[in-house]
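The structure appears below as structure tokens.
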Amino acid sequence: MKVTLPDFRRAQVLVVGDVMLDRYWYGPTSRISPEAPVPVVKVETIEERPGGAANVAMNIASLGASARLVGLTGVDDAARALSTRLDEVHVECDFVAIPAQPTITKLRVLSRNQQLIRLDFEEGFGGVDPGPILARIRQALPQVGAVILSDYAKGALASVQAMICLARDAGVPVLIDPKGTDFERYRGATLLTPNLSEFEAVVGRCHSEQEIVDRGLALMERFDLTALLVTRSEQGMTLLQRGIAPLHMPTQAQEVYDVTGAGDTVIGMLAASIAAGASLDEACFLANAAAGVVVGKLGTSTVSPIELENAIRGRADTGFGVMTQEELKTAVLQARQRGEKVVMTNGVFDILHAGHVSYLANARRLGDRLIVAVNSDASTSRLKGPERPVNPLVQRMLVLAALEAVDWVIPFEEDTPQRIIAEILPDLLVKGGDYKPEEIAGGKEVIAAGGEVRVLNFEDGCSTSNIINIIRQGQND
């Protein structure tokens, strides 16, 4: 299946469910406790990450989509930490605070990337009045393109049928990550995403793909489901839809370190893709690719558009194209080991024109490899105004990566690329325009490391702003 990334900036998703805080304590283990036959971990690093439905919202926000999160918390430090982490990634939190209950927290102790123990701090939210959550859903539905109900059986979805009815009446697709064997609770959902063990707990052991299909279709009929996606670990995913042939997708995972939160990534990608205008088939393809990325990370994690693009295009395997910072560092190290000269430049590159192409070709001629660092969408808006960029980051990077002159493309979030240039330290830093070398962001760091800084002229008569103005004038004529 040939799939391109949708413009996730168009997507608005409502996530409702059981939110929790995941805490991680990391440290080495070198001895056994004299008090009991257990390892002693010397804790050196502590991390806090949103978990459960909050991790689903994080996955959506990491794509550049808008996520609104509704759930139940206590009034405690864990709730404040959860809100802080989510605010940092621009997830809109609309929590219902229950003073008498603690925020659900899961503490994991790890050593050498191995989880030794998990401690759960929770009492659940059974018996809580569903009215405030239902009111928040009603308020949000007119603004969103998809709803996720993330069920961890902690009480936030006690009135799940009422939630499904609200979404269906509003004509908004409702996707559910189920919990337990009572699928009657999810009657009328647009899409259910059980893993294989959850699916078999309801329909019985399946000994072939055909049995999965037959029993899945029967399940859809029984509970009035529009579609069913069974996630099958190393065997990939199976999508079932009414009146359409089953779609089997093999796994794209290369290495599996941790499956924590993989289901959150899948349903988050599905909803964001659908809300951005993708078909269900396309959304499942992207979700499968995202799952292959996230299981290669430790702990609850998210997937960026760059990582997703690499996964569906295979660019990480070729060693060229759109890259993460760590991938680029490796590629640059290998290039230097081959004796190649690395050139780096940066810019917005919103509407690519002949001046850009000429400039990049000239920069490439100055060395053996060319890195182009690209302003993120937020960075571009701060520099160019709220109407820019015209093209989202992923599209801008894809166009640049397709140019013969460009070897590697990487984004940066700041207003200037100084940090990333200081991290990469190219042999030659190039900038177009009338700058002086000492005025160029990152130039001092490159020179201090023994590199060079040069200024190249832009081709006269070529300007993104002029192109935009011409288009606007044409629209007004």
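A Cβ is built for glycine as well, from the same backbone N, Cα and C atoms used for every other residue.
Keep in mind that this is a model prediction, so the values were computed, not measured.
Annotation comment: Swiss-Prot describes 1-318 as region 'Ribokinase'. Among the features that Swiss-Prot reports, ATP binding site is placed at ASN195, LEU196, SER197, GLU198. Per Swiss-Prot, the feature active site maps to ASP264. The region 'Cytidylyltransferase' annotation in Swiss-Prot covers 344-477.
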In the same chain, which residues outside the set ASN195, LEU196, SER197, GLU198 have their CB within 8 A of the centroid of the CB atoms that define the ATP site?
PRO194, PHE199, GLU200, ALA201, VAL230, THR231, ARG232
For SER197 (ATP binding site), what residues in its own chain, 6 or more apart in sequence, show a Cβ-Cβ distance under 8 Å?
none
Taking helix as H, G and I and strand as E and B in DSSP, count the residues of the region 'Cytidylyltransferase' (344-477) in helix, strand and coil.
57 helix, 26 strand, 51 coil
Proximal but sequence-remote residues of the same chain as GLU198 (ATP binding site) (Cβ under 8 Å, at least 6 apart):
PRO178, LYS179, THR181
Rounded to the nearest angstrom, how far is the Cα of ASP264 (active site) from the Cα of ASN195 (ATP binding site)?
12
Among all chains shown, work out which of the recorded positions ASN195, LEU196, ASP264 has the most CB atoms within 10 A of its CB.
ASP264
Measuring Cα to Cα, how many angstrom lie between LEU196 (ATP binding site) and ASP264 (active site)?
15
If you average per-residue pLDDT over the region 'Ribokinase' (1-318), what number do you get?
90
